[in-house]
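Notes for the one structure printed next.
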Amino acid sequence: MADVNHTAFRPGTFLLVGIPGLEKFHLWISLPFFSMYIFALLGNLVLLFTIVREQSLHKPMYLFLSALTVADLLLSTTTVPRMLAIFWFRVGDISFGACLAQMFFIHFIFFTESGILVAMAFDRYVAICNPLRYVTLLTHSVIWRIELAAVVRGFSIVLPALFLLLRLSYCRNRVIPHSYCEHMGVARLACTSIKVNVVYGLTVALLSVGIDVVFIAVSYGLILRAVFQLPSAGARRKAMSTCGSHLCIILLFYVPMFFSFLTHRFGGHSIPRHVHILLACLYVVVHPMLNPVIYGVNNKQIHGTVMSMLSWMGSQRN
């Protein structure tokens, strides 16, 4: 029987089980996930529409924010509808190609979004530490190149992982104990050695994300130094208020990721598997939901523009 189970082949489909150990609660778990997904869609679409429509928001900070909004929309839409299909209808079957495509887009969006957050930190650094050159340094063409560089970097990082999965021979076991396809979840179904996959995934994650975090930390270190050199408390408060939303989004993006990564690597035996999977599922929907809320509440220009648009729409109905 063991020989049959370990016969190497490439499966036509995989089976996603949702959140293992909590299958009987899937229907109840789906309710907050569905609500958060709808809020994420509406919030990001409103934010994106506001930035595109309002000419006064066509500034570097908001153009980077629009790219972040698109990434959030893609991340949640790539994962949550499939999750809800598992929770509601127990439709966990996913083709081999669709699983690899989902894996590619999830990781690609993650690394691209990390690059955009670095660009936003650079934007705040130039705006506060070198304000006289802000407009000349961050022109629209420069912004598009930076965003394109983030996209190309994300693509370049994830593409080798895709080929590393394609080279593997898979066993008869096709069950993935997760709600979506991710690199190591698929690799663990292989009969052949996945050492290269493990080393590549760990090295790339630590180097790329580590460099991004260091760059952001250095940027904000220089920003803080410049802010504390300002003559008045009002000027310092105004300068820091422009960074508040970005700092919240950075913490929301990186802290859960590092927590999940560290507990998975070093606390795997003490933390149940369903907790890891639930955190991973929350990660792809919570920060896309909260990002537009954070910017809508903390940023007076966006908040004012959205309120003006809603008032105008209300007057048009009357």
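Residue numbers in this text run from 1 along the chain shown.
Each residue, glycine too, has its Cβ placed from N, Cα and C.
The structure displayed is predicted, hence computed values, not measured ones.
Copied from TrEMBL, the annotated features are:
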type	residues	note
TRANSMEM	25-49	transmembrane segment
DOMAIN	43-295	domain 'G-protein coupled receptors family 1 profile'
TRANSMEM	61-88	transmembrane segment
TRANSMEM	94-122	transmembrane segment
TRANSMEM	142-166	transmembrane segment
TRANSMEM	198-223	transmembrane segment
TRANSMEM	244-263	transmembrane segment
TRANSMEM	275-297	transmembrane segment
Subject >> Predicted model, mean pLDDT over the domain 'G-protein coupled receptors family 1 profile' (43-295) >> reply: 91
**OP:** Quick one: find which recorded stretch in 94-122, 142-166, 244-263, 275-297 has the most Cβ pairs under 8 Å with the transmembrane segment (198-223).
**Re:** 94-122
**OP:** Using a Cβ distance cut-off of under 8 Å, indicate which of 25-49, 61-88, 94-122 has the most pairs with the transmembrane segment (275-297).
**Re:** 25-49
